[in-house]
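Comments concern the structure below.
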């Protein structure tokens, strides 16, 4: 038993097994094999290593955004002149990565809490015929206040307790009141950090100095690194029509994309700006969409003759969401070996495909099967013939050395 175990262990540690290979001289199969291998090699070198940079370890950036809008508009509504600057048309005013630029509005001046008739909506939802149609103390989902129980005959609507007079937003100003917002400018200051590589970058790169900022305006070809953008250009490059989006509002995404190869000089790590229309009316849209645009309300409160009043503003504007996407890579031996190992494994696809061709599709497939597979047959031992009954009945003969005695002689 011990010699057998010793022999088994010796064979395991000191013997090497290698697969048997068969050299097949078939031009078609050989060409298919080489084409597949070249395709795999092109994939590994071109896609994995050159495009995806599979030899690098990757880190995702942490970014921050600071924004500042500049621009001035002038309006003259019913003889009332007014100047609008960034403090009036930007919400919120902190310079965050998401903000709204007002381009149109509906103002309800001098509202106070009182009783007044509900606004006719033109769809008979607020219409009443008698006081019984106006449940006291309740309000309708489409209404503007609590009903008092009276039906006003002049308007055929219920009397409500609300901020009066009720806002009338049935007609949106067209053209937009602040159409000159097209010439507003947006300054974006972005900073990113790649913690794994201890790299900090800003969109104010080496070539962007103060004198350049004072004169530049972003253009994807002539000034791709300028951090100052014209609002009208942002809207147009996102696929929207400015006059329409200024009238009813909409949303636009500004993507700052960092794709940095840290195996090169850090000066090559630069941002790329892209613009996407998130919600609004595109240039080629012909269908009417429900609840189109973007708007919100805010109020300015004051006291007049001891009575609290307010000016309600329904604001239509362009909502801008700035998104930062940062990715940096640097050479590392571990992902390099992983990519190489994966590529070597994919090379086995050529062998599998060629074996299928040889064994199932070529005319001489039976010949190749015999060359590729070696069959071993174990010979069966022939069993001894059974003894017949006649042989069993024969007497047994015993030979003795003293069969012949002296007496017989």
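Cβ from N, Cα, C; glycine included.
The annotation transmembrane segment is assigned in TrEMBL to 29-50 (among others).
Marked as ATP binding site by TrEMBL: 68, 69, 70, 185, 295, 296, 297, 314. The C-beta environment of residue 314 (ATP binding site), restricted to residues of the same chain at least 6 apart in sequence and closer than 8 Å, consists of 105, 106, 107, 108, 167, 169, 295, 296, 297.
The feature disulfide bond is assigned by TrEMBL to 116-164 (among others). Take the CB of residue 116 (disulfide bond) and look out to 10 A: across all protein chains shown you find 21 other CB atoms.
The local packing around residue 128 (disulfide bond), expressed as other Cβ atoms within 10 Å of its Cβ over all shown chains, amounts to 21. What TrEMBL records for 128-151 (among others) is disulfide bond.
Proximity of residue 134 (disulfide bond) to non-local residues of its own chain (separation of 6 or more, Cβ distance below 8 Å) is seen for 128, 147, 148, 149, 150, 151, 158, 159, given in sequence order. Annotation comment: TrEMBL describes 134-158 (among others) as disulfide bond.
Cβ neighbour count for residue 183 (N-linked glycosylation site) (all protein chains, 10 Å cutoff from its Cβ): 14. Taken from TrEMBL, the feature N-linked glycosylation site covers 183.
Of all the Cβ atoms in the protein chains shown, 19 others lie within 10 Å of the Cβ of residue 226 (disulfide bond). Annotated disulfide bond per TrEMBL: 216-226 (among others), in sequence order.
Sequence-distant neighbours of residue 269 (disulfide bond) (same chain, 6+ apart, CB under 8 A from its CB) are 199, 201, 258, 260, 261, 262, 328. According to TrEMBL, the feature disulfide bond maps to 260-269 (among others).
The transmembrane segment annotation in TrEMBL covers 340-362 (among others).
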For each of the binding-site residues (185, 295), count the other CB atoms lying within 10 A of its CB, then report the residue with the highest count.
295
Sorry to bug you, but what's the C-alpha spacing from residue 183 (N-linked glycosylation site) to residue 68 (ATP binding site), rounded to the closest Å?
14
Please report the number of other Cβ atoms within 10 Å of the Cβ of residue 297 (ATP binding site).
13
Looking at Cβ-Cβ distances, which residues of the chain lie under 8 angstroms from residue 69 (ATP binding site) while being 6 or more apart from it?
86, 89, 90, 99, 101, 184, 185, 186, 187
CB neighbours of residue 164 (disulfide bond) within 10 A?
18
What subset of the recorded positions 164, 183, 226 lies within 10 angstroms of residue 70 (ATP binding site), using C-alpha positions?
183
Among the disulfide-bonded residues 151, 158, whose Cβ has the fewest other Cβ atoms within 10 Å?
151
